[in-house]
Every structure is written in structure tokens, then in C-alpha cells.
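Undergrad: Take a look at what TrEMBL says about it:
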DOMAIN    24-496  domain 'Major facilitator superfamily (MFS) profile'
REGION    501-528  region 'Disordered'
TRANSMEM  20-46  transmembrane segment
TRANSMEM  66-87  transmembrane segment
TRANSMEM  99-118  transmembrane segment
TRANSMEM  163-192  transmembrane segment
TRANSMEM  212-231  transmembrane segment
TRANSMEM  350-368  transmembrane segment
TRANSMEM  374-393  transmembrane segment
TRANSMEM  405-424  transmembrane segment
TRANSMEM  444-462  transmembrane segment
TRANSMEM  474-492  transmembrane segment
């Protein structure tokens, strides 16, 4: 009654962990390293931009107007949202590999251009910076669905979750690298161009050379992307795209025979029979009743949980410096010069990344194929809710001198469980549960929902904090995390299952035996 699926897909599912798996993780992961560096490094330099371009009078250091700050922090997310939808769709139409190089080159050019933002007045400089950061985000957005899909389609089913999570975990190293680069650059410029604090001499506290600091930090993100480009172009197209979407099993078999270093049978007769069966209605599209029945709730689950997570995650990450200043962990701006402030902000964010963000990612990598995606995501949302409530309810206690360390510990734990939780699993799951011909598109839709949440966090947090205070903002974020906990129940568990089992393609890809073929009304040739 059963049947056989394509040998090339079976070979990938049961392949032992080999060198090519680690190569794929590094190649795809370096894209994510660059993504996170570029997205988060802007939060390290916004205070500096305010001092350079918006200092008026001698009362307090300049700061970016609320609308400019929100635009600079949020415009890359607008680009990412558009890029995730566009490149996700294109990855299913043109193939993963062909589109993969486009996104990387766009990131390289836009990173460099962001650092070269020009203009005769502050408004022109900010407008130029926003323009290039939009296109930077557009390239970064494309990397999300493509990296996840490529890694999912290369991996075996036993350790697939760990491999996809490892690609995403490079985001932690990108955030860490952003902090380290900012520390090194600001320390170097601080030593070369010493300046008094703002309260000693407001005019001299921002040296002209400080304008180079933020530009160097932003442009550094192009370096890992350039290094990765050559290796990205050498990767063969994934076998699942070539066999199931492009329907060229000979090419898929040849590619994977080289990668796995084994002989795999091409099976052209199976492909002909599969094509005949697919022609009778199995090739449903995204906007069809069949997709809605099979995967509609799954897409709602992946999109809604990613949306809710990113509201909380990005509002915390982008505005760490404001939170640290509010509780007194970073000294008042008046007591520092412009470059010292960059150094102190970068040091605080690097410590958070080192102690909570990076470890959280790698806990997910280690345990995702043991605990499962569903359990980790549920646990992550639960503890994020608990720790944010622990920050918000006794908020005034944390602002008292001597209690700041406790605030930072709880704050770090929310990041730990975001990364050992939904921040990783929302990236992994959409790459596993949808059909190959729609996988990149559906991942792009889910990721775009996440970036919509990031924009709510980036634009909304700033205004919420000013209007209702940090305590009430943290209470709202707690409620958002609890909603994410609830929507997680729409997501299926994919641990230990093949991509075809999860997407429903396993049944389509099986070649019927004599009995089942007769039942289906198909002609069967028996061998002598």
C-alpha cells in the first residue's frame, strides 16, 4: 500500500553530519552575522548622531528628535519587511541560490553607502542615512527566508533544527561584534582625540573627528558579507528545489552525489510519474482553498508569534541605552564627552549580549532537537512574561541606588529566554512545515510579520516610554509576550520528521505500489 520517495531526498534525510553541513552553517550564518550587526549597530551611535548634528545651546547634549530617532531605528525594518516578501517569493520562483547572491551584494553596497551618508545640513545627512538603511534592510530581509530555507533543505531530519538554529545563532555574534567594534573604535578615537566632558566644555566635548566614529562602525558590516560572497556562489542549488520545484531530479542527484560523496540513483521514471500525479490537482498555490485547509492555521501561527515576539524583542534591544540610562547604569550624558558615551553604551550592550543573548541562542542549538520547537517556544514566551512582570511591578525598587544590578540580571534573563525560546524557533519552524514550492514565500511572510512587529517596537516604544513611562511600557510588553504564548498552540511540532512529512508532500512524492496504483486508477508496469 505504501511506496518509495525519491532517493535523493531520502539520502539527505538520513545523511550523517558531515563537513558540508558545517560549511553550509558558516556560509548562511555569516549572512546572519552581517544582518544582525547592521540592524543593531545603529542603536550604538544614535546618541552620537544627536550630539554631532542636533546640539543646541549649552544646557544638555544634543539628541535626535523623536521622529528622526524613530525613522533611523525603524527604516531598516521597513526595508526588511519588503525584502522578506519580495525575495521570499523570488526564492521560490528563481531558486534559492540565484537570489542568495543578490541579497548579499545589496547588503555590502548599502552598508558602505550608509557610512558615506552626505548632506549640507543635519536633515540632509539623516535623510541620506535613512535612504541607504532602507536598502540595507531590503537586502537583509531577503536573507531571512533564503538562509532558513537553504539550511532546512540541506540538513538531515535528525539534526535539522540545530543546524537552522545555528545559522540564526550567528545573529548573537553579530550583535556582540557590533558592540566590540564600537568599543575598539571609540576607545581608539578617545585616546587619539581627548576631549572634556559636556559639563566642562559643551563645545569641545564633541570633537570633529567624532563624525568618523559612527561612519566606521556602520561600514564595518560590509566586511564579513564580502568574505562570504564567493562561497555563497559556489553552493549548489538545494536538491529539494531542483527535484520538487524545478523537477530536474538528474541535476539534484548529481549535485547531492558530489556534496554527500555517495552514488545516488537519478530515478527519472519516478519524476515522470510524480509529474503526472501532480498535474491532477496537487500543485495548489498560496491563495487557494487547499492551502488554507492544510496550512492556513500554521501560517497564522508562525506569522502571529513572530509578530508578537519582535514587538518585545526589538523594543528592548534597540532602546537598551535608554533603559540603562533610566536606571542609572550608564552615567548622565553631561558627565561624558561624545566618544565616551559611545564607549559606555557599547560596553553595556556587549555585556548583555555576552551574558544572555549569545548563550541563549546556543542553548537552543543544543536542545532544539531534544526538547522540540513547540516546547522551547512555549517556555520562552512564558519566562519572558514572568521576568518582564518582575521588572515592571516593583519598578521603583530597581531605580533605587544599589538595586540596578538586580534589574540588569532580570533584564538579561528576558533576553536569554527570548533567544532560548521564540526568537530562534520562530525562524526555524516556517522553514520546515510548508511545501517546497511555497517554503521560501511562507517563511518570508512569517518573517515580514515579525518585522512589522519590530517596527511597532521601534516606533511605538519611543513614544510609549515618553507618554506612559518605562514601567507601564514593560507591563504592555508582558501582555504581548503572553499573547505569543497563546498563539504558539497553532504551530505543529516538526522534531524528527522529514520536510515532506511536515508539508504533506510525502504522500505526493510516494510512488504507488501495484495495489495502491490500481486503486488510484494508474497504469503500472511490472518488472519481469
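Note that Cβ sites are derived from N, Cα and C of the backbone, with glycine treated the same way.
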Undergrad: Give residue numbers and ranges for long-range contacts of the transmembrane segment (20-46): same chain, 6 or more residues beyond its ends, CB-CB under 8 A.
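TA: Contacts with the transmembrane segment (20-46): 64, 69, 72-73, 76-77, 80, 103-104, 107, 111, 133, 136-137, 140, 143-144, 147, 150-151, 154-156, 159, 163, 166-175, 177-179, 181-182, 213-214, 217-218, 220-222, 224-225, 227-228, 231-232, 235, 259-260, 317-321, 342, 345-346, 349.
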Undergrad: Please give the sequence-distant neighbours of the transmembrane segment (212-231): residues at least 6 beyond its ends with Cβ less than 8 Å from one of its Cβ atoms.
TA: 23, 26-27, 30-31, 33-34, 37-38, 41-42, 44-45, 48-49, 52, 101, 104-105, 107-108, 111-112, 114-117, 178, 181-182, 185-186, 189, 339, 342
Undergrad: Which stretch, 66-87, 374-393, 405-424, tops the Cβ pairs under 8 Å count with the transmembrane segment (350-368)?
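TA: Out of the listed stretches, 405-424 contacts the transmembrane segment (350-368) most.
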Undergrad: Considering only Cβ pairs within less than 8 angstroms, which of the stretches 66-87, 163-192, 405-424, 444-462 has the most against the transmembrane segment (374-393)?
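TA: The stretch with the most close Cβ contacts to the transmembrane segment (374-393) is 405-424.
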Undergrad: Count, for each of 66-87, 405-424, 444-462, the Cβ pairs lying under 8 Å from the transmembrane segment (163-192), and report the range with the highest count.
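TA: Counting Cβ pairs under 8 Å, the winner is 405-424.
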Undergrad: Can you tell me which parts of the same chain pack against the transmembrane segment (444-462), counting only residues 6+ beyond its ends and a CB-CB cutoff under 8 A?
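TA: Tertiary neighbours of the transmembrane segment (444-462) are 66, 69-70, 73-74, 77-78, 80-82, 84-89, 91, 141, 144-145, 299, 302-304, 306-316, 318-319, 426-427, 430, 473.
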Undergrad: Within the same chain, where does the transmembrane segment (66-87) have neighbours whose Cβ lies under 8 angstroms from its own Cβ atoms, ignoring anything closer than 6 residues to its ends? I mean 6 or more beyond.
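TA: For the transmembrane segment (66-87), the far contacts come to 38-39, 42-43, 46, 49-50, 54, 99, 102-103, 126, 129-130, 133-146, 314, 318, 440, 444-445, 447-448, 451-452, 454-455, 458-459, 462-463, 466.
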Undergrad: State the mean pLDDT for the domain 'Major facilitator superfamily (MFS) profile' (24-496).
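TA: Per the prediction, mean pLDDT sits at 87 for the domain 'Major facilitator superfamily (MFS) profile' (24-496).
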